[in-house]
């Protein structure tokens, strides 16, 4: 028997068996152990979930704002009480270090839920006077049933980022986690039910994008899809949403983000920022600053500092709390990252450190790749153009500000960007010219609940977090009231 046993679907407030017979395994990427057997949902299960969500949403939306807020706040309390248990499950499922999952994944997800629980009472309409005898008022009403489709890198955090604003606005959600990391989304469903969420308001359907995702994005009973994943899949989701019932969509589709270090920067700080922007979570972060631009005159000095920082990486068993660098999420993904590394070598980039799988001793059974830094990179290289989603930094040199801005923007992506400088005027001047939705000055990576996040260009549509996201889970109804006479032209 695997550690976590058989995992069912979660529909209408309870675990239920799939109507089909297909299952798939959850694998611990640190050692290759099968930790759970997970049932795959079918199109019939999607129908069941939509029916349950439709009924549950009516109950949920009829509650007062304060009633909904209290239930979501209870869920926040339970998440925090169970933080260590959920963090260990996330570590087993994703390979992320326990030092990370205990302090980031559940913590930041709970913060977002608490933020939206507090915003529920502010979902207000407007009153617009027209004349003495007539006025208009507006109502913000929920969309109904919405779907969330998650990525594998931040399973429970993404489930919370998507469900928190949706539920706060009075909607019901059907959530499909990535088939690579499905386990904590199911636990979140349990927690919502324990907190008092009506049956059917949050459902979890496990399975592949081609089956479950396809059925969700084309289902006529779903009003909106929020998706996190790759560009190709995002285009499919958007086409399905438009081709079925003109569903609203929110998408976060990844990036190849630039980090620009200017000649006045504190290079020790710049190196620390570059390390966080490339090797946190073993490089599996959508916003990673993998294109690191350094003035040509500072290249050698910066490389020395990066090499010193790499020595502080502590790879190993992710359940060891002294470890800060774990395996990649899966063995197939490790092979994908290694192919990118080999392409970098073939195209002439110089390996400063790493560039190989980690296969000795304790690493032999896991999906480990050594932290890798390429230098002498060119803009046309595959490792510079494509999202690798692994621990691979590319160092590029530049001569002047105009050049680096142009090259930083020369990408189909536009998710994030950052600069390191002591010059406040330059900081704002450059940031305002960078084509990215999330920008950092002298820092990297923080995405607090209050901050809207999302991309330009092919990196996404819409935003997550912040007040604006809550508004996009509602629709505005306008009502005109006439207190005086009505005169017909007929």
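For all residues, glycine too, the Cβ spot is worked out from N, Cα and C.
What Swiss-Prot says about this one:
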- 162: active site, charge relay system (ACT_SITE)
- 252: active site, proton acceptor (ACT_SITE)
- 286: active site, nucleophile (ACT_SITE)
- 464: active site, charge relay system (ACT_SITE)
- 93, 180: K(+) 1 binding site (BINDING)
- 150, 151, 152, 176, 177, 178, 179, 230, 231, 232, 233, 254, 286, 387: NAD(+) binding site (BINDING)
- 246, 457, 460: K(+) 2 binding site (BINDING)
- 286: cysteine sulfenic acid (-SOH) (MOD_RES)
- 248: site 'Seems to be a necessary countercharge to the potassium cations' (SITE)
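Here the features listed in Swiss-Prot are painted onto the structure.
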{"residue": "93", "record": "K(+) 1 binding site", "CB count, 10 Å": "26"}
{"residue": "150", "record": "NAD(+) binding site", "CB count, 10 Å": "27"}
{"residue": "152", "record": "NAD(+) binding site", "CB count, 10 Å": "21"}
{"residue": "162", "record": "active site, charge relay system", "CB count, 10 Å": "27"}
{"residue": "179", "record": "NAD(+) binding site", "CB count, 10 Å": "20"}
{"residue": "231", "record": "NAD(+) binding site", "CB count, 10 Å": "17"}
{"residue": "246", "record": "K(+) 2 binding site", "CB count, 10 Å": "9"}
{"residue": "252", "record": "active site, proton acceptor", "CB count, 10 Å": "27"}
{"residue": "457", "record": "K(+) 2 binding site", "CB count, 10 Å": "17"}
{"residue": "464", "record": "active site, charge relay system", "CB count, 10 Å": "25"}
CB contacts for residue 286 (active site, nucleophile) [other CB atoms within 10 A, all chains]: 26
Closest of 246, 252, 457, 460 to residue 150 (NAD(+) binding site), Cα positions, recorded positions only: 252
Residue 152 (NAD(+) binding site) versus residue 180 (K(+) 1 binding site) - Cα distance in angstrom: 6
Longest CA-CA distance among 150, 151, 152, 176, 177, 178, 179, 230, 231, 232, 233, 254, 286, 387, per record bound to NAD(+), angstrom: 23
For residue 179 (NAD(+) binding site), the one of 93, 252, 460 that lies nearest, given that the recorded positions are compared by Cα: 93
Pairwise CA distance, residue 93 (K(+) 1 binding site) versus residue 248 (site 'Seems to be a necessary countercharge to the potassium cations'), rounded so that it is a whole Å: 31
